[in-house]
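Student: Here's a structure for you.
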Amino acid sequence: MTAENRGFCQLICHINVRIGWTIFGIVFGISAILTYAIKFHNWSATATTAIATLFACETLYLYWALKKNTIVNWKSSTFQLMIWPNVFIGLLGLLGCLVCYIIAGITHQGAGSIQGWSLFKCSIYFSKFAAMYGENLWFTGSWSLVITKWTWQNAFFARKYLNKIGTASEDGDIDDDDVEVIKS
């Protein structure tokens, strides 16, 4: 790895950047929850989005503990308890995504439709995005995939720090290149 690539990775992988992207994901998730519930009345997508946003909050908690360096006080059982439930829920999210996409395709659900739009008569017979209202499994499936993203990210994170704790017990020190410890 060249020095230029290393510098770019340190910028992109810096803990503050990770926290920023996670907060963006949480805000986006909350806005999607409100949109699916209030405007589209798509309750399966609302529930799936809420679950994904909760796992994004778990990611924020992990990153915040890493930034504040309190993660070094966690027991290895804490990390072990995080790995398998996150992997299992991620698999359920992936399975849910596939099932939703298959059912949505078989039942000919659309993610957005321009049927009913008439430019010549200057009128709209149906809403331009009529397929987005009510239950739509394309959105539910997409947010199921987001659940997989957050849960597997949390599982890999927990596994990484479980391994660091294991090597730290042998070496006597935990060293993380991604975090600056700020002493007051």
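The first residue you see is number 1, and the count goes up from there.
Backbone N, Cα and C define each Cβ position, glycine as well.
Not my notes, these are from Swiss-Prot:
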- N42: N-linked glycosylation site (CARBOHYD)
- 19-39: transmembrane segment (TRANSMEM)
- 46-66: transmembrane segment (TRANSMEM)
- 87-107: transmembrane segment (TRANSMEM)
- 124-146: transmembrane segment (TRANSMEM)
Student: Under an 8 Å Cβ to Cβ limit, what residues of the same chain, 6 or more beyond the ends of the transmembrane segment (46-66), are close to it?
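Tutor: Beyond its ends, the transmembrane segment (46-66) has Cβ neighbours at 15, 18-19, 22-23, 25-26, 29-30, 32-33, 36-37, 74, 86, 89, 96, 140, 143-144, 146-147, 149-151, 153-154, 157-158, 161, 176, 178-179.
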Student: Do any residues at least six apart in sequence from N42 (N-linked glycosylation site), in the same chain, have a Cβ closer than 8 Å to its Cβ, and if so which, in order?
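Tutor: Non-local contacts for N42 (N-linked glycosylation site): Y36, M132, Y133, G134, E135, N136, F139, T140.
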